[in-house]
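A.B. asks: Okay, handing you the structure first.
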Amino acid sequence: MQKQQLTVVVRVRPLNSAEKARKAFQCVFPLDKKRVLLVDPEKFENNILRQNRQHERKFEFDATFGAVSNQEDVHETTTGPIIDSVVQGFNATVFAYGATGSGKTFTMIGTKERPGLMTLMTKALYEKLDGQYQVLLSYMEIYNEIIRDLLNPTGGDLELLEDERGNIRVPGLSSVKAPNLSRIMQILQEGNLRRTQEATMANKTSSRSHALLQVMIVKNQSLHSKLFMIDLAGSERASNTQNRGIRLKEGAAINRSLLALGNVINSLASKTTKYVNYRDSKLTRLLKDSLGGTAKTCMIAHVTPSSSNFEETYNTLMYASRAMNITNKPVRNRPASADQVYAEAMNAIRKEMGSQIKNSSSISGLAARNGLPERTGSRSRPKSISRNSSLTRAPAASTTIDRGRGGSLFTQLKEQYMTLSDKQRKLREKLMAINQEAYSLEMSLISKNAIINAWEKAHQDKTNDSVERLKQDGELQRVRLVELSDQRTKVEKALRKGDENASGLESRMRSLAATNEQREVVKLMVKMAEIEAQKISALSDLAIKGLIMDRTDTSIAKLQKYELVADRLIDGKLDEADRKKLEEEYRLIKNQFHYHLLPLKNIQTTVSWNSMLLPKINNNNNTIIMEERLNSASKKKSEISLPIIANGREKYPTSSAESTTDDDRVNSPVTERLPNI
């Protein structure tokens, strides 16, 4: 299980007519696709006492959207990738956070002309599902800490319960089948009409409750994944909304639940706090799995650019910034069919053992009442004849005891084998995590060493702060690699020891198996352990290849940038100042591409450590040995060379053996000054 940070994005709505009428001005400015600038309105006041105060602050998030962004932009950037995870079997959550009137409901629900994320996400989900999946929808709201079913308004108030596994449940919440997209739209419209909304001075259509839409994906009559889409009610100040009576109580309940959510975010983001209190609000209890749990989560923070709402905007951005430090451990849901065969076998074994014990006890009691010798089976003779032809009952009793001990010992060995298999699985997952970190560090260290060696070769007597920092980073990475190597040795030793213990337990269980059912159970458990090891091995190989693909994608992006600069140089329509500046950029990009590409050229194998531990795999009398995989994976990769710019034309080398670098064959005035790599 790899940790994954929450995806946090910020959306800034445009100024509305009421704010313009109050002569409020914009104080939030999206700088680029990830950064936003917040300006304190006091900056424009002539306050001598606060001249030295910091009036500007930058925040960086996974994405930012300005006033000109539309619903499709938000969906494609943030929630689009989440749909792919839901189809793969992960649980996911998307929730909108922010002050009242900041545009949360517009983003999540939208209008008929501009549908929100709830509509766009369910539409995208249906496009990716085929006929073997079934979609169930549940829609509820939390109003004054009371849970209501928006699809069944006559159902009354619902309770929030927690089962023995810690999963949060809402008994009585209705689930409606959604066979097509039009039915989903109808369900959403019905639920939104029943949601509690009232007008306040801050927002004419203020949501007075938290709305939670739950989409459950069912496959083969078992839960495949869940998707939560949550539109939170906005925090509000009574002085701004001028609420009285019921509206004031509603605002207090909203602020109380949002305060509990803020405390949870602070606790999860803090590195020192160990206890996280989810029980202060029903909202935080429902979001327990989404915040710091096993679901993939996206938080969309909404802010208003108005200077009159500066404090609310500042608080929202601060909470969103802290939420970026929260990490989840997304886990793919295990299908019920994976355990069905094993569960059926276990139930049959328990039923058979129970009937055998019951029959044995009844026969023993009947024999004791009648004074007859005890019979344990048709094949075994309980009576033994001594030399003086007298009957003895001791051998029969010992036979019953021995057979009882054998059955009990088989059960104990079976439980030990299952516990050991679970321990082996955790060790393999730990080895996979160590392998990924070590592989990433090795690729990074290759690039750093190449840069340091090139610098020392060209500048033997000079020092540079950047190079010194690279040396320090490289030394830390080498120390970490040594630690990872030690951890690998310990984990692999424990895995080999566990395999030996498992083999011993398997032999003992096979010798004790007295029935065909018991022998089938032994065979099934051994096969499941082998499949689990092969599955984790395959996942480890995919993770290693994923690291290589990520670096390859980055290299391709650098190559494309390099080609753009090269085309501008070849064009030649530049003055001397621009040419020199472009030449510097050309050299920088070329060096970056070269050093970034070195780890890919030096890849020896893509086989993970877990795969190296696997034994020989026999399939239809064809033996596949791991050494063959290592040899095939360690073949030399074909080298990648940058295009040469010579005499105003781009040329591509046909063979890497023709020259060592591109610059050795370049004679044009532009490229004669480019450094050799």
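In case you wondered, yes, glycine gets a Cβ from its N, Cα and C as well.
Straight out of TrEMBL:
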- Gly98, Ala99, Thr100, Gly101, Ser102, Gly103, Lys104, Thr105: ATP binding site (BINDING)
- 410-437: coiled coil (COILED)
- 385-401: compositional bias 'Polar residues' (COMPBIAS)
- 5-326: domain 'Kinesin motor' (DOMAIN)
- 360-405: region 'Disordered' (REGION)
- 645-677: region 'Disordered' (REGION)
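Help me picture these features in the structure, burial and contacts included.
C.D. replies: Non-local neighbourhood of Lys104 (ATP binding site): Ala96, Tyr97, Gly98, Ser207, Asp231, Leu232, Gly234, Ile300, His302, each in the same chain, at least six residues away, with C-beta under 8 Å from its C-beta.
Restricting the average to the coiled coil (410-437) gives a pLDDT of 88.
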A.B. asks: Looking at Cβ-Cβ distances, which residues of the chain lie under 8 angstroms from Gly103 (ATP binding site) while being 6 or more apart from it?
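C.D. replies: For Gly103 (ATP binding site), the qualifying residues are Arg11, Arg13, His302, Thr304.
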